[in-house]
Every structure is written in structure tokens, then in C-alpha cells.
Amino acid sequence: MFAAKMNRGKDGEEVRSGDVVGEEVALWAAPTVSAPIQSRVSIPGSKSLTGRELILAALADGPGTLRFPLRSRDTDLMVDALKLLGTSIEPLPGKNPFGPDLRITPAAELTGSTSIECGLAGTVMRFMPAVAALSLGPVAFDGDPYARKRPMRPVLEALRSLGADISDDGRGSLPFTVHGAGSLRGGRVEVDASLSSQFVSALLLAAPRFAEGVHVIHTGERLPSVPHIEMTLEALRARGVEADSPAVGEWRVAPGPIAARDLEIEPDLSNAAPFLAAALATGGSVSIPNWPADTTQVGDTLRTLLPEFGATATLENGVLTVASSGPLRGVNLHIPEAGELSPTFVGLAALAAQTKPDGSPGEPSTITGIGHTRHHETDRIAALVTEINALGGRAEELEDGIAIHPAQLHGGLWHAYADHRIASTGALIGLAVAGVEVDDIATTSKTLPEFPELWLGLAGVEPAPAGDDSGDDSSGVTTSGFVSGGALLDGMGNFIGGS
Ligand SMILES: O=C(O)C1=C[C@@H](OP(=O)(O)O)[C@@H](O)[C@H](O)C1
Ligand SMILES: C=C(OP(=O)(O)O)C(=O)O
């Protein structure tokens, strides 16, 4: 009755889509549906909240607990980094289906003389150097090859001016070494955070432990992702720290204890974006439970931004439901605060640019204010434009965004660029366009290791039973039919039967 696409490695062994096979990464056939999706999806914890609360718990005045934390590559790297500095972080059984709760016991004294691996995690490479400055001994930082391209200079220079001793090769990026002295003076510091809000959060998070706290003044003309800075202030205040923003582009954190807490991490609302967008891509409806009533997560703006594409968004009893309200519409969005959501919006815009089912023309879109996303996991503007155009679309790079002109999409290979949000955008487009294959779906493990399973569940696809090797072809990739939204599709997403 059903079978998901099953891939084979070079030597014919079965592998899960996206698994690394030797040097190769298996292609993942995005499921395509012909009927509107009606689905409910539980989303694991927030990357940004988990990272912040791990650090604050490690610097707190006693042991604390994180319930429903995110378990992912980025947060595992944060856990490892804090453990290397002497923090005890132990798994606790809990109610989270996606991983254990965590019990965090701060070190009596943070120890250095170690190396921290940042992977491609902005939160680890930007937030941990200030913590390392509070440890005793040198702490070397490095990460993935592409991580060495992500800007670090504003954080390193700001920390130096607050009293930290940091050696690097002068390129203003990974690798570098923080020579921890056990304490940091702190005080007033100027920083140009126009490339990333994380530069500001990096200086605020550990600041209660600086002798003079911190007073940060942003000197650049633009400031992206402001809600993430508000999230940092709020997390500090919730632990009894005096933290505020006395003026636009200025923030202060007073020195003092960071209270230990037992707290629950909200679901990652930004990771909810492609799932909710699936309702629009297929003319259906998607619900996400445990949506917080009050949050600093920028993903909450999905409730107002997704309706611009032609949907309703209803939050009732903690369940957000996004339902398509007609054909997909083009948009003009200026969203400097929500760069993290932009790949999903660009994916929807590329679908809206196609001729509508009633034959009326596709609609153009512009999504701007996202120039800083060129410094995310990859240059997201260049990557999205390249991949959409490779599928027949007409996307254009703007200085700080993307314009999408009417064009029909077709199937083909979608490159993920080691970027979880580019990978999930390929999956989103593939829901509506038959024959899209994502080259590295496993890269979604950066913030959502369960993405492939959750996505197949959303699309109504079940994995092939073990031993089902129907549809094997000579290319080494097995492609068999699968049931989707009540319709039986072949491996290229073509309708071959069913309701
Ligand atoms: O502080 C954080 O947790 C984040 C801040 C934002 O970074 P930028 O300001 O670089 O966009 C966001 O895009 C990133 O995913 C997470
Ligand atoms: C920009 C992102 O990640 P990072 O925290 O690595 O900057 C992101 O998750 O969209």
C-alpha cells in the first residue's frame, strides 16, 4: 500500500534518506501531495531558548533544570562546550518525546585549558567566548569549514575592550583562543551589530558575572533580529538580573547573581515555519500544539505574516492552526526582525509565482530587510536564488533581499548548503512540485533532527517496510510509490492512483 522513497548506498545497503554514506550524502525525495494536507505536528524545543538557558543555568547561583530542551546538533555543541568548562549537565527522564530533560549544576569555578567545537552554530561561536573569558586558562574555538566564514570580529573586539585576552590570526573569524583569567571587568562597550544580533546577545548573556556588568551601544545603521535581543534580556530578567534597553540600540545588564531556575523550554516557533507553510503550499490546514500565549520568539510573527500569503491563523487553547484561505498570494515583506523565517517565506513566494490552478497568472513577491542572512549558515540570498532558478523559477538577488517573478517550477536537485533552513525550504517546494530531491536533508539536524520523519508524517507518508526493495533502479537509488494525502504517487510525485 505504501512505501517512502528508500535510498541505497554505494554498496547497495539501505540507508535512511539524508544519511551520510561514506563520503556521499544520500538524496532525499521530497514527498509531493495532490490533496490538501490536514495535519497536526508537535515541534521540539527552541534552539535559541535552549542555548540561552543552558548558559544562564551554567552561570547560575545553584543547580537548575531545563524541561523540554531542544536536542540537536547546535544544542549538543552548547552542552559539550559548557561541560568542557566544568559544568555538570546530566540527562533526566521527563515527558519530552524528543529527548531527556537536563539537570545543570554550575562549576564552582569555570576551568579553561580546553578546545570548544562550534560546528556551524552561531549561538555557540558568539555566546561562548564571554563565558570562556570567565574561566581559568586558554580556551581554543573552531568549527566547521564554513563556520570560519561567519563574522566574529565585533564580538572579539568588544570582549577585548571589556578586558578579555583573545588571540587570533587577525581575520576576525574562527579559529581564535580566549585566554580566560577567571573574571572580566566589563563596563561600557560599542559594537556594530548590523551583521548579527548575536553580537549583542553575546555581550549581555554572561554580563551579570562581569565585575561592572555591561552597557552595550550599537553603532551600525541597521540592527537585525531585534526580538532575539529582547529574548536575551527577558531570559536574564526571569533569573532576577537587572537588564534593560534604556534607548533604541542600547542595552544594560547590572552585575549580580543569576538565579537558578527549573523551567520549561517553548517549542521552536521558527522551526514550525515550514510545517505551517505546508498548509498554504497544499491548500490545507496545519496545527501546532503547545504554542505559547506570550513569547519573545520571532516565530510568533508567523501568525501575522503567513496570512499575507493567503491564510488564516487561529490560536486557541494553545494550538495554532494555519489554514489556507484561497490561492497562494505574492507578498511584499520587509522583515529585518525575522531573517530566520525568510527561507520559508521565499519558498512560499516561489510557489505563489506559479500560474494558479484556475489559470490566473502567478504573483511576484519581494522579501527585503534580510541582507544579514548572507552571514547565516550559508549566504541564504545567493543559495535560495540559485536553487529556485535551477528549478525553473525566476528569482533575483537584491542587495538586502530577494525578488521573485512569475514562473513555473519543475522538479530537480535542491542543494542544502549545510543549511537546515535551505533544506526545509526544498522540502516545502517539493510538497507542491513533483520530483524535488534534497541533497542533504540530514543537515536539518542542526536544529531539528526529527525533520525528515516529521515531514513525512505531515505529508501522510509512512516509511517503507524493511526489506521492501520494489522500484530499484540501476542508479543505486530505489524509488517506489508512496501514499500521500490519500493519493498514490510514484517516486517522482506523479499521481498514479488512490483517492
Ligand atoms: O540569538 C539567537 O539565538 C539567534 C539570532 C538570530 O541571528 P542573526 O541576528 O544573526 O540573524 C537568528 O537568525 C538565529 O537563528 C538565532
Ligand atoms: C541563523 C541561524 O542559525 P545560527 O544560530 O547558527 O546563526 C538559523 O538557525 O537560522
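Placement of Cβ uses the backbone N, Cα and C atoms for every residue, glycine included.
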Item to complete: Write down the one residue from Ser173, Ser225, Ser360 that TrEMBL lists together with Lys47, Ser48, Arg52, Ser196, Ser197, Gln198, Glu340, His376 as binding 3-phosphoshikimate.
Response: Ser225
Fill in: From Lys47, Arg52, Ser197, Ser225, the binding-site residues whose CA lies within 10 Å of that of Arg421 (phosphoenolpyruvate binding site)
none
Worksheet, complete the sentence: argmin Cα dist to Arg150 (phosphoenolpyruvate binding site) over the recorded positions Lys47, Arg52, Ser197, Glu340, His376 returns His376
Practice prompt. Spatially speaking, which of the recorded positions Gly122, Glu340, Lys446 is closest to Ser225 (3-phosphoshikimate binding site)? Use C-alpha to C-alpha, please.
Written response: Glu340
Discussion item. Quick test of your reading of the structure: among the binding-site residues Arg52, Arg150, Ser197, Gln198, Arg380, Lys446, whose CB sits under 6 A from ligand 1?
Written reply: Ser197, Gln198
Worksheet, complete the sentence: For Gly122 (phosphoenolpyruvate binding site), the nonlocal same-chain Cβ neighbours (under 8 Å, six or more residues apart) come out as Arg150, Ser196, Gln198, His376
Worksheet item: CB neighbours of Arg52 (3-phosphoshikimate binding site) within 10 A?
Response: 24
Fill in: Residues near Lys47 (3-phosphoshikimate binding site) in space but at least six apart in sequence (CB under 8 A)
Leu70, Ser72, Asp74, Thr75, Thr123, Asp268, Ser270, Asn271, Thr447
